[in-house]
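Participant: Straight out of Swiss-Prot:
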COMPBIAS  44-53  compositional bias 'Acidic residues'
DISULFID  C108-C124  disulfide bond
REGION    44-76  region 'Disordered'
REGION    93-112  region 'Disordered'
SIGNAL    1-22  signal peptide
Amino acid sequence: MVVSFVSICGLLLIFNLPLSTSFPVLSDTDVDVLEAILHKLEESMSEETEEDQMVPANSESLEPVGSMKQTANRDQIRPVEVEAIREFLSANTRKNVQNDSSRRSSSCFGRRMDRIGSMSSLGCNTVGKYNPK
């Protein structure tokens with residue numbers, strides 16, 4: 001009795017083993033459906049590539065995006081614009097020189113600690129606003 005029960009359980013396990021895998025066995029109808037879908041996809045992709053490859057016959061008559069007049073106008077810079085550019089750049093350089101964050105720090109603690117140290121004479125650079133040397 002025990003042997004027949006074990007053999008029946010073993011046979012059931014063997015028959016159900018393919019169903020428990022992560023890749024189930026497909027029937028013929030499933031394979032046929034997948035092949036039909038694949039053929040439809042290939043046909044639609046080939047039609048799209050043919051449409052993309054078609055070039056219009058009047059491609060020679062098309063004008064370039066930038067005409068010659070536009071490029072010539074871009075190349076000519078008025079003297080007023082040159083002067084404005086120079087003024088802007090000189091203002092930027094003045095701002096960079098005057099700006100505290102753009103100056104290099106010579107202290108051993110960094111900019112913020114240097115400011116605190118100069119006010120309280122606790123940093124490496126003790127020469128400051130309230131503590132003249």
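Numbering starts at 1 and runs along the chain as displayed.
Cβ coordinates come from backbone N, Cα and C, glycine included.
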Participant: Counting by DSSP, what is the helix, strand and coil composition of the compositional bias 'Acidic residues' (44-53)?
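Facilitator: Per-class counts: 10 helix, 0 strand, 0 coil.
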Participant: Are there residues at least six beyond either end of the compositional bias 'Acidic residues' (44-53) with Cβ under 8 Å to its Cβ atoms? List them, or say none.
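Facilitator: No residues contact the compositional bias 'Acidic residues' (44-53) from elsewhere in the chain.
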